[in-house]
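Please read the structure below before turning to the comments.
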Amino acid sequence: MDRKTALTLIIIVAIGAFFRFWHLNELPPGLYPDEAMNGVNAIHALNNADFEAFYPENNGREGLFINLQVLSVQIFGPTAWSLRATSAAIGTLTVLIFYFLLKEFLSFFKERLTKNNEAFSFFNNEYFVPTATFLLAVNSWHVHFSRIGFRAIMVSFLLSLALLFLLRGMRTKQIKNYILSGFWWGLGFYSYIGFRLSPILGLAVFIFDAVSWRVHRKTESFKTFFSHYIVLGIATVVTMIPLLGYLLSHPQDISSRSSGISVFASTNPILTFLESAAKTALMFNIAGDWNWRHNLAGAPQLTLLVSAVFLIGALILIKNTFLAFKEKNIAGAFPVVFIFGWLFVMLMPAMLTNEGLPHALRSIGAIPPVIILATIGLIWIWDFWRRNLKIKNVKLAAALLILALFAVGIENYNRYFVAWANDPNIRGAFRQDLVLISKFLNDQDENTLKYVVVNENATLLDNIPMPSATIRFLTNEDNTIRYLTSDRLDEIQTESGKKTIIVLTNKDDNELNNKIYDLFPNIQKNSDDFTYYQVNN
């Protein structure tokens with residue numbers, strides 16, 4: 001890598017880091033209980049030196065991301081920033097790995113392509129890789145989940161690493177690359193449930209490689225060729241041994257969450273799947289995720305400029321692949337197998353469910369191939385204009401491309417840091433009230449008896465609904481705080497000379513309010529961002 005290329009990469013990664021770390025301590029506001037549950041597990045892992053391959057609480061979560069968060073919590077303490085910084089770091093590293101994956105993809109493809117090079121001229125453009133890397137660096141969809149403490153951010157990172165070394169192995173035939181690919185692939189199963197479908201992409205790449213071997217009758221024997229994939233598979237399984245051991249002994253955790261929301265749980269699975277697939281397909285350009293935690297509710301997952309070049313890129317790639325087939329050029333099919341295969345497989349975690357669609361989180365692994373298609377479209381348009389306007393000045397042509405990328409960057413910045421960040425709905429979506437409750441409890445002195453009544457319906461954590469996780473984490477599992485459900489008010493005790501504080505996680509509960517007044521007629525109620533009661537003895 002020459003100095004100019006290295007500097008360009010450093011600048012792009014720095015931009016990616018800026019988008020992911022800028023005001024991370026403030027945005028998103030609050031701390032959603034699903035994020036905080038990771039923190040509760042991290043505190044327990046630190047206190048007990050007990051790092052799990054799988055954490056069964058909260059419908060079950062693979063352990064790798066949580067175990068990485070442990071390090072952040074150990075360094076920075078129990079804060080929302082410490083949980084989200086792990087995501088931001090992984091998101092930034094994904095930008096870097098994506099650059100090297102694209103370089104390897106183009107090296108492999110150009111080596112295999114023997115004719116019809118003109119049809120894929122956009123891959124020969126020197127700006128293709130840095131352009132794609134920049135588009136990922138500023139992509140608001142990827143930025144969004146890089147700033148939330150959800151484990152799904154690891155999918156693109158680990159799958160990109162697995163594919164990087166797989167392509168390198170296919171190109172160099174070095175066994176170490178297949179081992180490394182298997183390692184990263186195996187590690188991916190510790191990340192997020194959606195990664196479990198990724199072997200389908202690996203199978204598609206293998207089939208392409210096998211057909212290519214058959215057609216071109218390469219010098220290596222089929223036994224040698226096949227052994228490479230056997231090694232990859234063994235490396236994957238060996239890496240998975242701790243997780244497999246856990247799941248075999250706890251089979252109920254294999255699909256504890258997904259089974260209830262699967263399309264196969266519906267009365268008409270085929271129709272439900274088609275509806276899910278249609279909503280998922282439209283999420284890029286028409287209507288995206290409606291969950292404020294995941295997106296600017298209802299807005300397409302791609303900003304206007306990127307959504308346009310994404311469609312153009314997809315059409316161009318399909319068209320040029322047909323041209324390659326006409327010339328019986330097997331290598332020309334590889335981009336479709338690789339890019340569309342990746343896209344389809346990583347959309348399946350969303351398409352196979354019937355809840356909350358379209359779902360930006362479950363389809364997060366599809367972001368890299370979407371970016372590749374958008375880059376094809378952008379580079380094709382830029383090159384078309386350059387040729388038709390007869391722009392021969394290289395610097396002027398590059399300036400036009402940079403201007404287009406600058407517009408994309410501004411567009412994505414505005415989507416996240418202006419439109420989404422300033423919408424009042426996100427405070428409730430991330431339960432900012434629970435953070436305020438935690439700060440309030442942390443400010444109480446040792447002579448205060450503290451009770452938190454979690455008067456909400458949610459998944460249970462130690463027999464208390466999940467919203468308690470945010471308070472438990474941000475108060476560093478303060479054992480002086482008692483957590484109760486609304487049917488256990490009789491456990492509230494007062495002591496002479498001590499102040500008693502009773503906090504409600506759901507402040508709008510008139511029935512519970514009346515019960516508390518019946519128990520403590522002289523109690524003082526305070527209600528603003530949250531409700532608490534105070535008894536002075």
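Cβ coordinates come from backbone N, Cα and C, glycine included.
Here the structure is a predicted model, which means the values were calculated and not measured.
Taken straight from TrEMBL:
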- 7-24: transmembrane segment (TRANSMEM)
- 81-102: transmembrane segment (TRANSMEM)
- 122-142: transmembrane segment (TRANSMEM)
- 148-167: transmembrane segment (TRANSMEM)
- 179-208: transmembrane segment (TRANSMEM)
- 228-248: transmembrane segment (TRANSMEM)
- 260-278: transmembrane segment (TRANSMEM)
- 298-318: transmembrane segment (TRANSMEM)
- 330-352: transmembrane segment (TRANSMEM)
- 364-382: transmembrane segment (TRANSMEM)
- 394-410: transmembrane segment (TRANSMEM)
Segment proximity, the transmembrane segment (330-352) to the transmembrane segment (298-318), 3 or more C-beta pairs under 8 Å: yes
The transmembrane segment (179-208) in contact with the transmembrane segment (330-352), cutoff 8 A, at least 3 CB pairs, sep 6+: yes
Cβ-Cβ under 8 Å with the transmembrane segment (364-382): same-chain residues at least 6 beyond its ends: 98, 101-102, 122, 125, 127-128, 131-132, 135-136, 139, 141-142, 145, 152-153, 155-156, 159-160, 192, 194-195, 198, 284, 302, 306, 308-314, 316-317, 339-340, 342-343, 345-347, 349, 397, 400-401, 404
Other parts of the chain folded back onto the transmembrane segment (228-248), taken as Cβ under 8 Å at six or more residues beyond its ends: 52-54, 62-63, 166, 169, 173, 175, 178-183, 185-187, 189-190, 202, 206, 254
Winner by Cβ pairs under 8 Å against the transmembrane segment (81-102), considering only 122-142, 148-167, 260-278, 330-352, 394-410: 148-167
Close approaches to the transmembrane segment (394-410) from elsewhere in its chain (Cβ under 8 angstroms; 6 or more beyond its ends): 15, 127, 131, 134-135, 138, 303, 305-306, 378, 382, 385-386
Positions whose Cβ lies under 8 angstroms from the transmembrane segment (330-352), at least six residues beyond its ends: 105, 108-109, 112-114, 116, 119-120, 123, 155, 159, 163, 193-194, 197-198, 200-201, 204-205, 208, 211-212, 215-216, 262-264, 273, 276-277, 280, 317-318, 320-321, 323-324, 358-359, 362-366, 368-370, 372-373
